[in-house]
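Now, the feature entries from TrEMBL:
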TRANSMEM  58-76  transmembrane segment
TRANSMEM  88-108  transmembrane segment
TRANSMEM  151-171  transmembrane segment
TRANSMEM  192-213  transmembrane segment
TRANSMEM  219-238  transmembrane segment
TRANSMEM  250-266  transmembrane segment
TRANSMEM  278-295  transmembrane segment
Amino acid sequence: AAVDIQPACLGLYCGRTVLSVNGSVETYGDCGVCPRGQRTDDNKICRECVGSPDRYDWLYLGFMAMLPLVLHWFFIEWYSGKKSSSALLQHLTALLECSAAAVVTLLLSDPVGSLHIRSCRVKKLSDWYTMLYNPSPDYITTVHCTHEAVYPLYTIVFIYYAFCLVLMMLLRPLLVKKIACGLGRSDRFKSIYAALYFFPILTVLQAVGGGLLYYAFPYIILVLSLVTLAVYMSASEVEFFKDLLVRKKRLVVLFSHWLLHAYGIISISKLDKLEQDLPLLALVPAPALFYLLTAKYTEPSRILNEAGNGH
C-alpha cells in the first residue's frame, strides 16, 4: 500500500498550519511560518497559544512597564530641581500615564476586553530570536519562519510603549504649561524632551535584547538598585539616620529603592516556596543599613585628615 509521506519540516520554528479538522483527522498546509498567536509543537504543527503567563512572565512584564515610569520620575526630578513645586504633580501624572497605558494594552490584547492574556510558554532563549533560525534547505533559498514564539511577551511591550508615548504627549504638555511656573520657558518641557529620547532607546533595547532581559532582569534590578542607592546617599551626604528623618524626600527615595530591591528578590526566587523565599525579603534594608553604619568611617575628609596626622 502506498503511504503518503510528507517532506520533513525543516527549521527549528517552521511548522504546518492546520487547514481543517474532520473528526480526529487534521489536514495540514505546507511547512512555513505559523500565524500570529501560534507556535509549533513537538510534531512541527502550529498550535494556538492557549496558556496564560506564569508568575515570572508577569514579573518580567512589570519590569518592562516600570522602566519608562522610573525614567520619567528621574528626569522630572532632574530638571525640576528646587525651583519648582510642581514635581510631585508631574510624578503623579507620569504614574497615571503609565498605569492607563498598561490597562489599555491589556484590554486590547487577546482576549480583547479582559485583563487576562493568553500566551505561549517560553522554553528557551532562542524562542525570542526566531529570525535567526530560518532554514536554508539547499543553501540558496531561505524558508522564512520568523514568528512570535513567545506570544505576546515580545510585542506587547512595544504596544505599551506606544500608548505611554501617546498619553504623555496628550496630557503632560498641558499640565506642565499650567503648573511649572517656577521654571523657565525652555526648562519646563525638558522632561518631555528626555522621554522622546529614551522611548526609542527602550524600544530598540526590547527589540534586540528582549530575550536577554527576560532572563537577566532580576539581577539587573538588584545591581541597579544597590548602585543608585549608594550614589544617591553619597551625593546627598546622608551619613546618619537623622539625615533621613530631616527630609521626607530622602525617605521616599529610600523606600522606593527598597521596593525595587524586594521586586528583584521576588523575581529571582519566584516565591515557589514561601517558607524559604519570604525570609529573603528581610535582606532588603541590609545595604542601606550597612551604608549608614559605615559611612562615617569612609568619609574622604576624615581619611585625608588621618593620613595627614600619620605623616
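Positions of Cβ are set from backbone N, Cα and C atoms, glycine also.
Note: TrEMBL annotation is automatic and uncurated.
Comparing 88-108, 192-213, 278-295 for CB pairs under 8 angstroms to the transmembrane segment (250-266), the maximum falls on 278-295. Between the transmembrane segment (151-171) and the stretches 58-76, 88-108, 192-213, it is 88-108 that has the most C-beta pairs under 8 angstroms. Here the transmembrane segment (192-213) has Cβ contacts under 8 Å with residues 60, 63-64, 67-68, 71-72, 75, 79, 125-129, 150, 153-154, 157-158, 161, 164-165, 168-169, 172-173, 176, 220 of the same chain, all six or more residues outside its ends.
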